[in-house]
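Working notes, structure below.
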Amino acid sequence: MKTRQNKYSIRKFSVGASSILIAALLFMGGGSAQAAEQQQDKGTVENSTTQSIGDENEKLSEQQSTQNKNVNEKSNVDSITENESLHNETPKNEDLIQQQKDSQNDNKSESVVEQNKENEAFVKKHSEEKPQQEQVELEKHASENNQTLHSKAAQSNEDVKTKPSQLDNTTAQQEDSQKENLSKQDTQSSKTTDLLRATGQNQSKDSQSTEEVNKEVKNDTQQVTAKNDDDKVETFNLNSKEEPLKVDKQANPTTDKDKSSKNDKGSHDGLANLESNAVATTNKQSKQQVSEKNEDQTNKSAKQKQYKNNDPIILVHGFNGFTDDINPSVLTHYWGGDKMNIRQDLEENGYEAYEASISAFGSNYDRAVELYYYIKGGRVDYGAAHAAKYGHERYGKTYEGVYKDWKPGQKIHLVGHSMGGQTIRQLEELLRHGNPEEVEYQKQHGGEISPLFQGGHDNMVSSITTLGTPHNGTHASDLLGNEAIVRQLAYDVGKMYGNKDSRVDFGLEHWGLKQKPNESYIQYVKRVQNSKLWKSKDSGLHDLTRDGATDLNRKTSLNPNIVYKTYTGESTHKTLAGKQKADLNMFLPFTITGNLIGKAKEKEWRENDGLVSVISSQHPFNQKYVEATDKNQKGVWQVTPTKHDWDHVDFVGQDSTDTKRTRDELQQFWHGLADDLVQSEQLTSTNK
């Protein structure tokens, strides 16, 4: 509704002292009148907002209530019926009627009424503080009779419709009474001159103090109202749960009710002025609590993650890799070392990522099965046929699952470092084609079979990325990995850390390399010594050899719907004899293997990163590859340029002594990798 222009006529008011109020209203600003009009429209909803104003107005109102409480009592009783018919004529008449009816309830004695009436008449006519006194009166009436306002307004509207003739009669009476009372005011003014001198100074100070407080409260109220106008729906919903009767919650329904008045600055300021002058009945901290609560809830909403990648990134560690909760104390954090936490940094920069926790020394097959259950959740089932073939237990640990809804159409990015690159290739092969041996075994022997071994689960992997992965094996494992001394070392380590009091988990419990609760240490050592693991090909030591890698290459294939990419490093230099020698900044434990690989008979295998030859890390020999460009491709290995002076652990930041490879460089590398994965989703998302 549009705000109506307020018009005043001396002929429209009743007899008695009501004319005194009319004279006072003429001194009041248009803003207060408009505020009263909107207050009438808003009803009890808007009146409730006055309860959140400060303690200062309450004290000032109590000081002045004894002087302004019962103004115009006698005349109000005589003219209340006529004034009701004028309720909807002008906003000023509405305020007058309400003041007349409200004051009727507070009439204590006729003598007090007469005295206060005389005092107030003189003050309204001659004092410069009349507007402030009238505002205080409005404050009191608004707080005491806000519940009866609507019912009286409805009654007055009905009277206007049914008795239009009362308007003319009342107008005539008001004109006569106005003339009579103007003369009466002159005679009464002399009686109150002395009283004014005694009280005028105090009233002036009180009014000035009231004005300053009202300005401050008004500004606070306008700020709260303006804030809720911008977020009216959201703020209302938040406050409705825990703050049922506060300023923020009241402002929004009112705004919805009268949208045009929100855009009217004059009306808005008038309403704020009325609220600021209302009697405060609660602690003024309530408004501050509402604001603080809204701010906290907004911040909580802003913290909700919107990841850049649609498909989660799964980081898969390599041989002798651990997560922090199960690693030996001598080892550093796998993904980032002392430089940074790669997964956490990706998360903080908008990429959803997880660190897989699988066997440190297990075979690619066993690790792939564990990786499936790490993502999907559930108890690891290595398969009945596989367990019978290699002589270990069928079931392993139970995973909670980081992506329980993982299924065809719900894809993931697999990123593997070192042996982890082989493991993720094995997993993707099982998803698509399953394990025919397990299917046949189940047909013959019955029982359950894992969905992983049944195959037919294509369209679950978006990309496969490998970092320093020995796709074709490594001379390090050929020459050292299967030597008796190396196996003995692995046996001793497993024996030491496999006791029941150790938190270290090598992921070989299904092989028996974990002390049982009721088993003595001597019994445990004998069992570990007799384990078939040390002679089995179902282990990481075998799969890292060139023969083991070749076997994996024959069993796996490229998926035409997956983006493949490899990253390779080297940290050796050529000698005069044509060999490759480890660089000075190579990770110290790898200098032995780096120099050993650098002396290989095959010249093309000599350049290496300390553990893996460059030629083995680029792509499987039997699978198609291209040089990587800015444009991603599916179904082919995309080989990125070799990173010089990068050894095997520089991709994961484990060498804290290498000053050439900085934290910023590592962070930049991973941000670029993650961004490339997001771009690859444009190619693979069409298959969802």
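Using the three backbone atoms N, Cα and C, a Cβ is placed for every residue, glycine included.
Summarising the annotation, Swiss-Prot assigns signal peptide to 1-35.
Per Swiss-Prot, the feature region 'Disordered' maps to 31-309.
Residues or ranges marked as compositional bias 'Polar residues' in Swiss-Prot: 45-54 (among others).
The annotation compositional bias 'Basic and acidic residues' is assigned in Swiss-Prot to 84-95 (among others).
The compositional bias 'Basic and acidic residues' feature in Swiss-Prot is assigned to 103-143 (among others).
Annotation comment: Swiss-Prot describes 144-175 (among others) as compositional bias 'Polar residues'.
Sequence annotations record features per position, and here Swiss-Prot assigns compositional bias 'Polar residues' to 184-211 (among others).
Taken from Swiss-Prot, the feature compositional bias 'Basic and acidic residues' covers 227-268 (among others).
Residues annotated as compositional bias 'Polar residues' in Swiss-Prot: 274-289 (among others).
Taken from Swiss-Prot, the feature active site, nucleophile covers Ser418, and the record attributes it to similarity to another entry. The Cβ of Ser418 (active site, nucleophile) lies under 8 Å from the Cβ of His317, Gly318, Phe319, Gly321, Leu467, Gly468, Thr469, Pro470, Leu611, Val612, His648, each of these being in the same chain and 6 or more residues away along the sequence.
What Swiss-Prot records for Asp609 (among others) is active site, charge relay system, and it gives sequence analysis as the kind of evidence. Its own atom aside, the Cβ of Asp609 (active site, charge relay system) has 31 Cβ atoms within 10 angstroms in the protein chains shown.
Taken from Swiss-Prot, the feature Ca(2+) binding site covers Asp647, Asp650, Asp655, Asp658. Here Asp650 (Ca(2+) binding site) comes close to Gly569, Ser571, Phe587, Asp609, Lys643, Asp658, Arg661, Leu666: these same-chain residues lie at least six apart in sequence, with C-beta atoms under 8 angstroms from its C-beta. According to its DSSP assignment, Asp650 (Ca(2+) binding site) is coil.
What Swiss-Prot lists as active site, charge relay system is His648 (among others), and the listing cites sequence analysis. For His648 (active site, charge relay system), the number of other Cβ atoms no farther than 10 Å from its own Cβ, over all displayed protein chains, is 31.
The most densely surrounded of the binding-site residues Asp647, Asp655 is Asp647 (count of other Cβ atoms within 10 A of its Cβ). Same-chain residues with CB within 8 A of the center of the Asp647, Asp650, Asp655, Asp658 CB atoms, the Ca(2+) site residues themselves not counted, are Ser571, Asn585, Met586, Phe587, Trp646, His648, Val649, Gln654, Lys660, Arg661. Residue density at Asp658 (Ca(2+) binding site): 23 other Cβ atoms are found within 10 A of its Cβ, drawing on all protein chains shown.
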